[in-house]
């Protein structure tokens, strides 16, 4: 009865374009991932090369392959150089890559979970919670969990801060962008104040100064024996998030809509909050709170690959790794021999980026808050 | 895609101490198009939310094909029931095709990619709402009406046996109101939808339920239930009901109190 009214042009052919995850889109994505992987290898090489003692890239690769048991050139370098490359720089470059990748995927997932493009562990106070947890362990000498006590405490602090910010920002089932960021900032301020209070009131002055430097975020002081924990956390985080990439997409459509497409939103969010806090906690325990990587990477990556999390997550991970490796190279060299905390540098890039993002969203009229 | 039976038995929904819906029963036989009409705040959206499993009934049951919708796993229900709701999407640079692809999620295993069958379903869903030309556009940049059509396509890609829609014609121009409602009507699926426009409801629905202050005041085929008395009681306005000479459907004309100058 409605044939005439519908106007559906049945004769119009559907162009055979491929859907997500196949065809030309997949090729393009593969090219982007390969290019980023190559860039990461180059960046890591640069990270091993550049420093107070310059080690030529060829020699760097000689040392690395030698350590891996494959010699393709005469090992004619000094033992000191080998130590610098393998024991000083390599763990640091790896931690930089792991932390950058981790922060980028955490930012990506967090933005989907709270449905807000300004979400990021540092801005939402999650990193502050993790720092406070870690510092309490140091100050009170709480070592129930042995060597991983710091990470456990950072995880607990991160989770507490995230739940608190989320609960504060959400009223009547809605979170507006401004309220989320404001509660994040306020809670971060309180947590940081408590952290400083703890540090100042502790009798151990030297330790306090070291911890204070750590709270600015830095990759120094890492060694092979502590690297496994952040690496494992990263693999776990990326693995679980990739499995749930489709579900993260659903959240973009709205919570009720996501439910109608088969996602138990409350349970999913609770589980991912725990996962993200865990990864954040471990990364903060290892590298200090490093801000804005989790904000910048997802947005930059979306410009190239669109918003589908099946593509955003791996791309952001690689992009974050590359970015932080270079940020750390800069931190080590721009004011050599003094070292700048890498968190200071990321904030220098990230703060203006945040402002740009905020103004762009305001111009687009999309700062409408989300249900 | 088949049709399923929906039965809502004595459902009461509350928000705090306030009743949103009180003791409402409703049935939709397989393949029927059922309309919910009523003024703002009459409980249409709340009732729909109970059906698509977002608002849990305080008493009563929502049964889909005989099973209690609220005791099925969310994912399993989503393979049978799809919905287009009044929800705001976030701003995240998804292409239209990717938004429609979301509808395939309840049918997919974790990590499974989109198969050629999925692509075909997505294409035909876009075709059904006249949105093929939008496929590669960013969803964020669409007009309100275009978005609405894409969201309906997303629900169609879910291959529901029961499709629930809250004001699907909102933001649509008249041509697309007619084409979308026509497409919904042609679906083999059972359709339950809330509509503002009484004449569209009368034309496209097999049966209507009139909600007023959270209760069903009338139900049945449009030609039987639309009377000036009912419309005066429910909407508080004077109206004239005629049978349209061309369509045969009841035609409601509201008569404003102030005379036309």
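Any Cβ shown, glycine's included, is placed from N, Cα and C.
Unlike curated records, TrEMBL annotations are generated automatically.
Annotated region 'Disordered' per TrEMBL: A:1-25, in sequence order.
Annotation comment: TrEMBL describes A:30-51 (among others) as transmembrane segment. Residues 57, 60-61, 64, 84-85, 89-90, 92-94, 96-97, 304-305, 314-315, 318-319, 321-322, 325-326, 328-329, 332-333 of the same chain lie 6+ residues outside the transmembrane segment (A:30-51) yet bring a C-beta within less than 8 angstroms of a C-beta in it.
Annotation comment: TrEMBL describes A:93-114 (among others) as transmembrane segment.
If you look at the transmembrane segment (A:121-142), the same-chain residues 6 or more away from its ends with a CB under 8 A from one of its CBs are 103, 106-107, 110, 114, 149-151, 153-162, 164-165, 180-181, 183-188, 191-192, 194-195, 198-199, 202, 207, 211, 215, 276-277, 280-281, 284-285, 288-292, 294-295, 354. Residues or ranges marked as transmembrane segment by TrEMBL: A:121-142 (among others).
Below 8 angstroms of C-beta separation, residues 114, 121, 124-134, 136-138, 142, 175, 179-180, 183-184, 187-188, 191, 229, 273-274, 276-278, 280-282, 284-286 of the same chain, each at least six residues beyond the ends of the transmembrane segment (A:148-168), sit close to that stretch. The annotation transmembrane segment is assigned in TrEMBL to A:148-168 (among others).
Feature annotation from TrEMBL assigns transmembrane segment to A:180-199 (among others).
Residues or ranges marked as transmembrane segment by TrEMBL: A:272-295 (among others).
Outside the transmembrane segment (A:340-358) by six or more residues, the chain places 96, 117-118, 123, 213, 216-219, 287-293, 295-296, 299, 324, 327-328, 330-331, 334, 367 with a CB less than 8 A from a CB of the stretch. What TrEMBL records for A:340-358 (among others) is transmembrane segment.
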Long-range Cβ neighbours of the transmembrane segment (A:272-295) (under 8 Å; 6 or more residues past either end):
95-96, 98-100, 102-110, 113, 118-123, 126-128, 130-131, 133-134, 150-159, 162-163, 166, 214-219, 222, 226, 229-230, 233-234, 236-237, 240-241, 244, 320, 323-324, 341-343, 346-347, 349-351, 353-354, 357
